[in-house]
Amino acid sequence: MESVIENNDCLDLVPQIGSLNIDVKPVLFIQGPPEFYKNDSGPPRGAVFIANYKNFSDKQIQTRRGSKKDVENLTKFFSQMGYKVVKLLEDSCRDQTLAAMRLFSEHKIHKEVDSMILVVMSHGLNDNTFVTSNGKTMTSQEVYEIFSDKNCPALKQKPKLFIFQHCRGNNKNVALSMSPSSSPGSRRTDKTSSDIMLLYSTISGNVSYRHPKYGTLFIHQICKVFMNNAWKSASDLASLMREVEEGLSRYEKLDIYQRCEHRFIRKRKKLHFNPMAIKSNDAQEIGHINKEVQTEEEKVQSDNSDIFQMDSTIEKCLHKDPGFAENSSVRELQPNIKKRVLLINNLVGCVSDMDTLKHIFIFLGYDVIGPHFNVTYEEFKEVIKEFKEKDHGESALFVFYGDGFSDCIVTSDHFGIHFNELQREFNDTNCPKLSNKPKIFINNLCYFDGDVKYECTYQPESHLGHQEEMESDSEEWVIDCNEKKSNESIPNIPAERDMFFVNVEMEGSRCEKGSLLTDALN
């Protein structure tokens, strides 16, 4: 697709977010191996590439007003953190973007630094696709595979962070399951891509928000949370993103519903930024930024309260709510309430693993359903349907051992099921018995490189994954995709929430002697 389709992409915010005074707090004690990646080089700690798409050659694609503020905030933020902004790419076409990213991947700085950060800000078409200045699209996978171990050996075994600010859905009243041509899972992740960390401004199928003066809500929250909390010894990337999530949830009072997503590909350790708090007014760093009309800075209250951090053991994880639910940052699961776990095993060598998992979950107070063995696609759908219809306590788990790759599981008859489909099945609309409750998906996947089939089916409105649409009479809401419209309704409230995916992908192994994941959970 070479141009943006109308999709109620990113709507302007009311101006409550305010301006940010970037002021990074320095780390007191450097965090490093064995628990964390080594990230103490420099300055600089790492190299940064920022790509911002504000203007588009197709005049039907709306200008992304306010995106310059994001560029300004990010440039100041990364500079103070001790990172070097090597490249700022603005309003470039697809070919120019690819060329610039490849040139950046070959930069000599990567041999000297310990990490890399790449930011993309634009309009989006779907989960993994964003639009360049000439209307042609790129995918997030195209971006991060440029920095695979094979293509960028200087960054091998170093953390590589990719931040994608764009909408990931069109809010239309039809949902289509993934087909071979459109499924992100139909293109396998490069096996040499490792130590990859992906941050998305919104969850699958949903919109992102931007203010015409203050920039996007997601980038605003990242800068705010990271500059105030990245110095803490326990504040690795995952815990910081939970605080970003908590910050986004506060805007629900303004009828602004946005949930971010982070995923890791072959991540070996935790990432701590070890901020240096370098205060610099170097014109070469920020002088090229075209500043917009300055307004009086508002005092932004920083919430320094400790947000729940996911513990390393499965028992602790299962007994706390990670703070995604409304009105609760930490919630203890009530004892003696029937919680359920569904076990599916399609691996011959993991039969005994199922016995181990049963004992673990029974000990934790769960009612174990299964295990089911060698499940086909039709059997999988039936098992999921029965599991959803049961009465659930305060949480539910889904455990799958079998074939798969990236973010797709493969049934015994070689049908692919994308994680997005699991999200839809267990969202608040399709599974009301688990509404506002933690839903944990644990997938032990043996890399599958054979042919995968996908079922393409029309789904009724009940499968959309959105709650009832809310109306707004405001004249200020602007569709950030094609054209300005007044009295536009606020996007549907996303119902995919309170979900955790723990995915382990085994390469070159069929787990003939059991799974290392089972040992870790035990």
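Glycine is treated like the rest: Cβ placed from N, Cα and C.
Quantities reported herein were computed from a predicted structural model and do not represent experimental measurements.
Averaged across the domain 'Caspase family p20' (44-171), the predicted model reaches a pLDDT of 94. For 44-171 (among others), the entry in TrEMBL reads domain 'Caspase family p20'.
Feature annotation from TrEMBL assigns domain 'Caspase family p10' to 186-230.
What TrEMBL lists as domain 'Caspase family p20' is 353-446 (among others).
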Q | Secondary structure composition of the domain 'Caspase family p20' (44-171) [DSSP: H/G/I, E/B, coil] | A | 40 helix, 36 strand, 52 coil
Q.
For a three-state summary based on DSSP, what are the helix, strand and coil counts in the domain 'Caspase family p10' (186-230)?
A. 14 helix, 10 strand, 21 coil
(Q) Within the domain 'Caspase family p20' (353-446), count helix residues (DSSP H, G, I), strand residues (E, B) and coil residues, in that order. (A) 34 helix, 33 strand, 27 coil
